[in-house]
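J.: Can you keep this structure in mind? I'll have questions shortly.
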Amino acid sequence: MSRIAACFAALAGKKALIPFITAGDPHPDLTVSLMHGLVEGGADIIELGVPFSDPMADGPVIQRASERALAHKVGLRHVLDMVAEFRKTNSTTPVVLMGYLNPLCAMGYAEFAKRAAAAGVDGMLTVDCPPEEAEELATALQQESIDPIFLLAPTTPLQRVAEIARHARGYVYYVSLKGVTGAGNLDIDDVARKIAALRQYIHVPIGVGFGIRDGATARAIAVTADAVVVGSRLVQEIEAATPETARERLTPLVAELKAAIS
Amino acid sequence: MDRYDFPDVRGHFGPYGGIYVAETLMAALAELNEEYARAKADPAFWEEFHYELKHYVGRPSPIYHAKRWSELLGGAQIYLKREDLNHTGAHKVNNTIGQALLARRMGKKRVIAETGAGQHGVASATVAARYGLECVVYMGAEDVKRQSPNVYRMKLLGATVVPVESGSKTLKDALNEAMRDWVTNVDSTFYILGTAAGPHPYPMLVRDFQTVIGEECKVQMPEMIGRQPDVVVACVGGGSNAIGLFYPYIGVDGVRMVGVEAGGDGVETGRHAAPLSIGKPGVLHGFKSYLMQDEDGQIIETHSVSAGLDYPGVGPEHSYLKDIGRAEYTAINDDEALKAFHDLCRYEGIIPALESSHALAWAAKTAPTMSKDQVILVNLSGRGDKDINTVASLSGLTL
């Protein structure tokens, strides 16, 4: 069983917390420590952002995180090194990379999948690669037992949901709102209705992200979702901290979110 | 060439093009694609489009024989397709009219656009005023500073100009921000994309609207010289004026097609904007094509004296035409483009856009190697009034 499937199986119906941070933010030397800090706080799965020069789907908070990481020249190969380092002392927490397609194109899909599997990556969420264009990448990933994670959006018609369901592995990521990461227009009731409709087609766990900023929204989303993804709020905390205090500020925040959905 | 029928139904030109966007936009692109298919089959849509091009833009634009300049160069005859004479001063308006008509058909009251030099922003603001649509234009903060007259033009036309402070603060970042706006306001908003790039169906529909350039040339050249030109040449940033000229000529044997990219300080220096000349295929802004990128797949900053060519990608159809060898692509450096700019001013009394000056420079370089009865047709895609501050400051002057 993959780490992602094992994780959801072990939760046995309890809700998963999936924190997101950008690899290399604020400094490449801190990322592995921050990942352990997330687990200490109660992270069930970690989403690790791969910095990209043109993060089209991200709001200002994660754009700045990408820019801070890129200032240290953090690229995909460094991110894989960080995951390998994390795996030296954690062999159970699934790690899902989240990013844009071009760095994967540049490395080559097969080469990426091989190196990612060796590093201990469990899933790949490629924001700008919908299933229509994903065949080659998804095949390469699955050959190495890495789950391609796909997005669903409020604008996705149900017929298309059924199509995406055929490709979905690990979990699906439902984008809670029309907007970019960190947006402020989350409508909890609307999300609950959509998730109920998705359940007819989707047979892997459903994670929900975008716009979840505190315990209260996390709890409300967790009523219907299987997993709650929190990104911008955590990245904001890193931004406000010094490199020395980032981990000690992040861990209690994750613990608070975990408590809220438990 | 036997048969050329691209893109396919999913927007591919061979391995290029496609739809590489976040899931939230997939439905909007499908809706646009369906509406465009209906419009394309509707004679009334094209009738209105061509009425607007004739009475509002001033088409057909003439072709002019640059006789004096050709004689000075001492080789092939250079003819200019005068897109600079269009309303708003460039070819961009052909496309913005087409897209604004689509926006109206779709009942969208708000349009957004990205702009680099400001020409597409001005053309978008113009049609928004013409059709009574709200218009927001995203422009890199650096470009806002470099192109202040165009910023004011857009404001005069009633548009809101939003300076983009992220990334390199240029055209590519303006495009990112326009995409972010679209994803947020997808129900109410039509995105008027300015070049033959972006996710399907944009490369196809921008091409189809710009094809009026080449279609006119195919009629005008035989009227003027009794045959088609030996070479057609255009500058390539995103590539909309070039594809508009090339597309009708793809199936015409014996017509050489040359796209000229921005060589900046020289492609060997790394400071340029010539992805077809020296880039590698990748994915950016919703499509696959040649890109300027580093070994990690990060997009690298581009350099060109011409803000309109300062883009790290290129329309996917150009990547395909390059690979199949039907069109050839080369680069012209800043200093060569500037010389052509000045020469056209002095010998023909025409101030060309710095973008178009790249195509002119290629013609000036190549004409002497050809015989006097051969013909080069250059797409003079825009006029250079917008560039006088840039050219003056390069000459050490402040206006």
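Including glycine, each Cβ sits where the backbone N, Cα and C put it.
Whatever TrEMBL says is automated annotation, not expert-curated.
Quick paste from TrEMBL:
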ACT_SITE  A:Glu47  active site, proton acceptor
ACT_SITE  A:Asp58  active site, proton acceptor
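Help me understand the surroundings of these features in the structure.
T.: Counting only residues at least six positions away in the same chain, the Cβ atoms of A:Ile18, A:Pro19, A:Phe20, A:Ile21, A:Val96, A:Leu97, A:Met98, A:Leu125, A:Val229, A:Gly231 sit under 8 Å from the Cβ of A:Glu47 (active site, proton acceptor).
In the three-state DSSP scheme, A:Asp58 (active site, proton acceptor) is classed as coil.
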J.: Please report the three-state DSSP label of A:Glu47 (active site, proton acceptor).
T.: strand
J.: Which residues does A:Asp58 (active site, proton acceptor) neighbour through Cβ under 8 Å, counting only same-chain ones at least six apart?
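T.: Counting only residues 6 or more apart in sequence, the Cβ neighbours of A:Asp58 (active site, proton acceptor) under 8 Å are A:Ser66, A:Val180, A:Thr181, A:Gly182.
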